[in-house]
């Protein structure tokens, strides 16, 4: 009877574990969902005026199609070859791409098969798919293939014929959509030369075909512009030269006027010419007018020119380049002219291409351009051509994340509506000074995604000292608000310190009148002072308190205000060395704070500046707004500061006597070669000795914890991990900080604590005495009885991990094994209150292993040796709540680890049992791994280029992906449903297969298609009485 009862009990436990893990299995899946930001290294641009879609090609072979916010399609060529040209077949959902390898591809928007995403069956959405390709063959008898190298493409309005201009001067014709060559239509340069006057021919080649333009009123007639300057009006139906225009200046581009009575040519001398097209005159020697707008001195070429007619009578002329070589040859400019209005848009990066949004109906008499879209190397700029002054429009997507280099990021989920509204208003106040409020001109397609259930914020810290707030709730990553910290300090380029204002100098005004430059765009890669760079961010969404920490040891506490303010910022200095002898800081100086009141616009405004000494880069920061405390760490130690009472509570130095490298700073990396060699030889000798001896002597810990230091036999399947030397440089770097209300002194009284982990595997736990907290009585913060009482910190525990591996993360778990709620969540009933009746535990993740200790005794409960088992090191750790797709009210907290190999390991807590592993990021992508940030609901972001975030989801229920449709002039052909899953390529060509564990992997044939409904990888569960396995079936 007893035996039966015991067996039944064990079976019940196993069955319960299996059921819960099965629910977890249905809740977890890895899918890379969308790419946020600006495409890296763009190389081509196109616009479909019928569908209102825009396409951008990149040097890595990607094509990205954009419409209204949330409408996105991505395609990737087979080879990572640069896309040089893109052309839409208007209204058809088809586009042509020309690669740098001389291959032409045809792409189509096709309907995908219905799929189940997150437990919900969704209709087949549209995706971009490659249909066919064509490479122009070489001419017979000519060994070099450069003669047939494509220079320009022209798609006729009938969309059934593609004209191809080549370097050899020939024009070839492809039938669409089959991409078959029409040999009978081929036009070689020799046929044109026969029609030229003898004095113009003079034995010279006409050069490559530079431009092809179809007559706007007479289909089948095309302008052919050759590099030498000759322009030919060619009739396709009669195969005859209708008119010759004998230009003598090297040609760059051509454009028709809407009526077809004239056209404009731009040239390499910085000028443009207007030519009339008249019947009966087969040879035109001179243009009607010729102008060098920025002459008379030598100018750069006008690469492209557009001529748009308006009802006012004065056309709008737009052209790129043409700047005077000597004075402004290094400027990236685009000029807009209409009558007496003349603006030279001055950009900070190179102009790739541009187009106008205008009327295309044949019955309309005028173009009436409404917007100018300019693709630059580092950003997209849209100019409103309807409003006076031609202001720029704010971009709802494609914003340059890297306007200043990204240095860190921070994510906030479930943003309170009030905070969201205040941030939006602060952002609108900023935009009102810079942008117009017109409608976004690229508005094609329909966004089918439901409105987000919650608002999400992504905060990015930048090299120039700014923090940018992004709306990360949907597919389009939209800028909300920009916070600057430079005005807290005196910098090298402080405008207030500038003795000479150029606007007050009449001579300077006279010089700057021409060209009439206007700075446009927000990409600014240059930082006034590298010390301003933001390294760490922490935001409390309930108290609206923000902490930003920088490169020169500055930690700024900010509060949200809806009004402009002029005030001084309180400054407090914290010396982390504590007068320790033998250490001299050799790095950069601290930033000099302003000693006078400074203006601060609505938004986050600084309350107090905490300056760490030495002014080393801040490596960790923690904020507990309910206790009014911040903690910060550098390579020298960590500190605790009460920003309500403006006093430093704690300063702890973590330097080892041999940490000389920590005193050099990140901006002066001077390392002794002799010391490096000495340390290398020491490691070699230690590894040889440890290979002979099985026992390893570990340093004694100040905290009596025998379980941490005991030597264990290494299992045959584990890798031997060598202890790290205490002499290693930078061992005192503080890697993580954590506040927690838990049991540290004894098992009956809980209270505020501070935990800190270092690069040498040391963990410090401090018990905090916060007035009104932990004593069982609720006190109002800032009351009269508390104003004179200070926060105190007492060292409670000091732990030394055995192998001295850097501590990556520390998290306290409650009596149910759940992470503690954020500040204010429990007190304001915004989350389930933590279990304070059962014993707590602390999860410490080092680079080599995960370990759970019981509190307050700090005895080891369970661990997982990740480096010993998998041969990788932990880089990022997060506790994520996964909601079940099978059971609405069920969720599990899971530990997610990102390793240096780019894979993700999921463990349940607190047992640390491995659940599943995914390959996510290429192991060579070090910056991508370092930039990864997780959300609390199972999503994440990492940089795939300096300007792009890849968004991924580990949750099958919470997925942010493009779901959109487009109304086409042709029927959408559905793609066959696949029984497997395809690898989702990244637009930078660095995609990595998302597969499961090593067992059961299979090779996939790549289809080079990026769809927008991501098939869930099916999970098959195998059960064992003692262990639970999850495998991916492909």
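Placement of Cβ uses the backbone N, Cα and C atoms for every residue, glycine included.
The feature region 'Disordered', as given by TrEMBL for the ranges 644-665, 666-687, 688-709, 710-731, sits at 688-709.
In terms of DSSP helix, strand and coil, the domain 'Lethal giant larvae homologue 2' (291-391) has 4 helix, 48 strand, 49 coil.
For the repeat 'WD' (457-471), the model's pLDDT averages out at 96. In the repeat 'WD' (76-117), the DSSP tally of helix, strand and coil residues is 0 helix, 26 strand, 16 coil.
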